[in-house]
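As annotated by TrEMBL, region 'Disordered' applies to 44-79. Annotated compositional bias 'Low complexity' per TrEMBL: 48-59, in sequence order. Residues or ranges marked as domain 'FAD-binding FR-type' in TrEMBL: 84-208. The NADP(+) binding site annotation in TrEMBL covers SER146, ARG166, THR223, SER285, ARG286, LYS295, GLY324, LEU325, GLU363.
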Amino acid sequence: MANNPLDRIKEDLQNLAKAAGKTLNMDVKPESFDDVIAPVVEQKASEKAAAPAATASAAKAEEPAKKKKPKPGANAPINIYRPKDPYVGKCLSNEELVREGGEGTVKHLIFDISGGDLEYIEGQSIGIIPEGTDDNGKPHKLRLYSIASTRHGDHLDDKTVSLCVRQLEYKDPETNEKVLGVCSTHLCNMEPGSDVKITGPVGKEMLLPDDPTANVIMIATGTGIAPFRAYLWRMFKEQHADYAFRGTAWLFFGCAYTPNILYKKELEELQETFPNNFKLSYAISREQKNSEGGKMYIQHRIAENADALWDLIQQEKTHTYICGLKGMEGGIDEGMSVAADKNNVNWEEYRKAMKKEHRWHVETY
Ligand code: FAD
């Protein structure tokens with residue numbers, strides 16, 4: 001055993017490093033205690049991060065991702081325009097997305113943002129401030145909408161931002177009268193050429209990983225398709241020097257009727273052009289039947305594809321995104337439980353672990 005305190009530290013460190021399967025170069029004279037201790041401490045920290053995150057009751061399943069990943073898009077632009085001083089853009093176009101025989105109104109809107117500093121990335125939202133005042137005579141508050149275009153905009157000139165907006169319509173539970181949502185009606189009725197007050201951008205939950213080899217599972221109901229349209233355009237329609245998508249993208253889209261499949265033609269064109277990288281699965285509740293003869297909801301489509309999804313979801317570089325109607329998560333858990341159960345894994349624990357690893361993303365409203 002060494003008598004000199006520094007030699008003793010060295011000896012201890014060698015033993016620690018040996019236990020960790022590392023060799024430390026002790027010929028380098030340490031400048032300070034930190035110089036010596038740091039490599040071992042870092043090793044310990046990374047070992048800790050590598051501890052099985054979602055072992056759950058994973059008897060047979062492989063462990064999911066080993067390391068805690070940094071949140072994607074840490075440098076996303078945020079709140080360039082605030083409600084007190086919004087950007088005033090112009091509506092360039094406003095087109096119906098629901099085809100003959102479908103229910104409700106959903107519009108694809110393109111706004112000109114060329115006159116200001118507004119920029120955004122895929123997966124973010126903007127705020128819209130509707131004209132007029134509320135019941136208390138105060139100016140309406142902003143409503144958030146997921147951006148449906150890539151950062152380059154639908155015209156690929158970095159001068160526009162697009163939204164996919166459903167007009168809210170419901171019966172007042174007391175009077176039974178039809179009520180139309182304030183902001184969604186303002187947007188759905190907007191004439192090209194009109195001014196539009198925009199705030200933001202906001203949101204980091206739904207950002208796309210920078211890694212072009214990542215796999216991306218997208219699960220949408222209704223206007224929840226908006227951020228996924230942006231992802232798919234970035235992945236397959238645009239050309240970038242620093243992002244050439246090579247992973248698997250799989251979109252599950254749920255709606256009531258075929259004419260309610262938003263962006264159907266564009267999605268199917270992409271699927272035909274990129275069959276090896278893009279899978280498209282619809283769940284059309286009022287037209288398709290599940291294996292038990294009931295309505296086909298998204299959870300049934302997920303359960304049907306349980307094996308393939310499970311294989312994919314276990315890969316460290318697979319991210320799952322859910323967007324659309326509040327409450328849809330329950331059905332997705334049901335569908336994914338089918339996959340997890342087959343592999344003797346507790347789905348809830350597994351999902352929580354994926355969330356920690358920043359590869360389970362939910363935005364419902
Ligand atoms: P409002 O006039 O504000 O009315 C809404 C209110 O009506 C509710 O708060 C509730 O009190 C009442 N209400 C609603 N339904 C019923 C009912 N069935 N019975 C009784 N009362 C009811 N929307 C989109 O269309 N597309 C998007 O891409 C989109 N992205 C979003 C992203 C985020 C992050 C969030 C938070 C929301 C998003 N929304 C999106 C929803 C959007 O922000 C608005 O909430 C929606 O357009 C309704 O606003 P409104 O002003 O038309 O309705």
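For all residues, glycine too, the Cβ spot is worked out from N, Cα and C.
All TrEMBL annotations are machine predictions without curation.
Here the features listed in TrEMBL are painted onto the structure.
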residue: SER146; record: NADP(+) binding site; Cβ neighbours (10 Å): 25
residue: THR223; record: NADP(+) binding site; Cβ neighbours (10 Å): 23
residue: ARG286; record: NADP(+) binding site; Cβ neighbours (10 Å): 12
residue: GLY324; record: NADP(+) binding site; Cβ neighbours (10 Å): 25
residue: GLU363; record: NADP(+) binding site; Cβ neighbours (10 Å): 18
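Helix, strand and coil counts under DSSP for the domain 'FAD-binding FR-type' (84-208) come to 7 helix, 50 strand, 68 coil. In this entry, NADP(+) is bound by SER146, ARG166, THR223, SER285, ARG286, LYS295, GLY324, LEU325, GLU363, whose most widely separated C-alpha atoms sit 28 angstrom apart. Close to ligand 1, meaning a Cβ under 6 Å from one of its atoms, are these of the binding-site residues SER146, ARG286, GLY324: SER146.
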